[in-house]
Amino acid sequence: MRNPTITTFILLGLTDDPELQVLIFIFLFLTYTLSVTGNLTIITLTFVDSHLKTPMYFFLKNFSFLEISFTTACVSRYLYSIATGDKVIAYNACAIQVFFTDLCGVTEFFLLAAMSYDRYVAICKPLHYVTIMSSRVCGILISSCWMTGLCVLIPPLSLGLNLKFCDSNRLDHFGCDAFPLVKISCSDTWPMEQTVIICAVLTLNMTLTCVVLSYAYIIKTIFRFPSVQQRKKAFSTCSSHMIVVSITYGTCIFIYMNPTAKGEVTIKKAVSLLIFSVSPTLNPFIYTLRNSQVKKAFKDSIKRIALLSTK
């Protein structure tokens, strides 16, 4: 994105209609508040409750941190734009936003793959679970997710930093993103478009293969359980993760598997908004409403707070 004549970009957002902007602001503010509150609650519970100090909740804690970072990187800026009417974003701020949103997004896929491996070990190798998923191994897996995400991001980001902008600095989006930047660039964008697609395909294929293989073995193992109750319990421990995987992969495949970056972006903007706002809001509820341990930890924490407040 190097060009001495372009120092700022103008974010056009979703609409110029003042009434629609008010509705969008209310919607985004509510979902953002719920997302941050829900994910912070999960993080807090995993720290304070001794029953949640297992590898599964260690990964869930890191996933919640990623969700907060991911939605904050983009939604908070758009809320500011609507509230103040300031649609101008500096070149450096735009580059930083692209970096953090993409890093968190890519890392999330590898973390989902690591979480599926954790479920595989828990169900298929329960006697060796504590040994295999030690705190050291969990730490290595989390670090690997971040490092791999960074490695995947570097090639398209380095190409993006060399894009030139000649005639326009108006981004048809509510935040800085690769596709609207490519659309207004006067450089040859083919190398970057292909690099983005290759990186997206590799990330989706690698992580989805890990998820599918893990759940193939999990389902195979579950059907060998003698009692229906054992099967139901095993399925319940994986159901939340499977729902989140379906939402995350489904929306991202829709956006990044279309190679025509210079085409219509209206639908992509709407889907992107759902990824940044609705998905991070739903995830805490998906994990807590279907998890008895988290619900029990939450109730116990409320009781402790109530007791402390009465003293």
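Even glycines carry a Cβ here, placed using N, Cα and C.
Computed from a predicted structure; not experimentally measured.
The domain 'G-protein coupled receptors family 1 profile' feature in TrEMBL is assigned to 38-287. TrEMBL lists 20-48, 60-83, 89-117, 137-155, 195-218, 239-258, 270-289 with the feature transmembrane segment.
Proximity of the transmembrane segment (60-83) to the transmembrane segment (195-218) is not established, fewer than 3 Cβ-Cβ distances being under 8 Å for residue pairs spaced 6 or more apart. Between the transmembrane segment (195-218) and the stretches 20-48, 89-117, 270-289, it is 89-117 that has the most C-beta pairs under 8 angstroms. Per-residue confidence over the domain 'G-protein coupled receptors family 1 profile' (38-287) averages out at a pLDDT of 85.
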